[in-house]
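These features come from TrEMBL:
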- 97-298: domain 'Cytochrome b561' (DOMAIN)
- 1-22: region 'Disordered' (REGION)
- 66-85: region 'Disordered' (REGION)
- 93-115: transmembrane segment (TRANSMEM)
- 135-153: transmembrane segment (TRANSMEM)
- 165-184: transmembrane segment (TRANSMEM)
- 204-226: transmembrane segment (TRANSMEM)
- 238-257: transmembrane segment (TRANSMEM)
- 277-297: transmembrane segment (TRANSMEM)
Amino acid sequence: MWPKEQLPVSKRPGEHTTGASPPHFLLVTLGSSSCPTCTGPSISASQRASTLADLALDKVFSSQQESKKIKGRSRLSMEGPASPARAPRALPYYVAFSQLLGLIVVAMTGAWLGMYRGGIAWESALQFNVHPLCMIIGLVFLQGDALLVYRVFRNEAKRTTKVLHGLLHVFAFVIALVGLVAVFEHHRKKGYADLYSLHSWCGILVFALFFAQWLVGFSFFLFPGASFSLRSRYRPQHVFFGAAIFLLSVATALLGLKEALLFELGTKYSMFEPEGVLANVLGLLLATFATVILYILTRADWKRPLQAEEQALSMDFKTLTEGDSPSSQ
């Protein structure tokens, strides 16, 4: 036993204080060497070494158990079903408004062609009317919807979202291709010149950029050969050119609408003809549709949140490229 006036080993002057008294068996073990005035029993050096070794093993075992618990909790958080992130309050209203505008634009285009241009047919003089309708449906409405996929489907698997994004672009491309063939066929039958107007130049440019964007996007994000680092570096360019091509598509549609009105109405266009008024309203709706889509895309707080597997990939990529560890984030 320690004398009443004797301080414990861990609280003697000149030694580090841990804030808690050492275990009783440690005081007894170290009694003969650490406390010269101690009256307790003395033990051999081999017993003292054995006790210290047991303490070290206990400490290592405790550290290993704690490490396993932390890893288990991390694995559960990564593999377990993540709670779906709630969509921003205003986002569904803006998306619904954009869809309403898009459907009105498509319906008004069909009404304009039916009321003032005789309707739509492939094997007649009405073949040209296939062109504006297909371009509005494909390169404006469906392309805008394809851009919104990552805002609307916020909690679905990333691959499912990518496939839907790519399929909508495929549908838009096929429909636009039908419209492009229609106008060239009409010009050939009528003997008209091709590709002389600003609208036609912009249209060919938009179509070529759209096709190139889809091919590169498929190669990087759907084809399994691209590495994660390559996708991460190309993603900002893909997002930018997607929005830019959409805006160019709307601008080209407005140029074509104005060109069609001038060819058909001529000087009557300045007299507020009903067809001209209807086409002007259609142009305003096209511009509004593009503005709403662009606004949704540029809101940073409306972007699709990263899922668990995407966060893991991002952390691993940052660790490989910058030398950081996930625990430092």
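Note that Cβ sites are derived from N, Cα and C of the backbone, with glycine treated the same way.
Sequence-remote contacts of a segment are chain residues at least 6 beyond its ends whose Cβ falls under 8 Å from one of its Cβ atoms, and for the transmembrane segment (165-184) they are 122, 127-128, 130-135, 137-139, 142-143, 145-146, 149-150, 194, 203, 207, 210-211, 214, 217-218, 221-222. Sequence-distant neighbours of the transmembrane segment (277-297) (same chain, 6+ residues past either end, Cβ-Cβ under 8 Å): 91, 94-95, 97-98, 101-102, 104-105, 108-109, 111-112, 115-116, 136, 140-141, 144, 147-148, 151, 243, 246-247, 250, 253-254, 257-258, 260-261.
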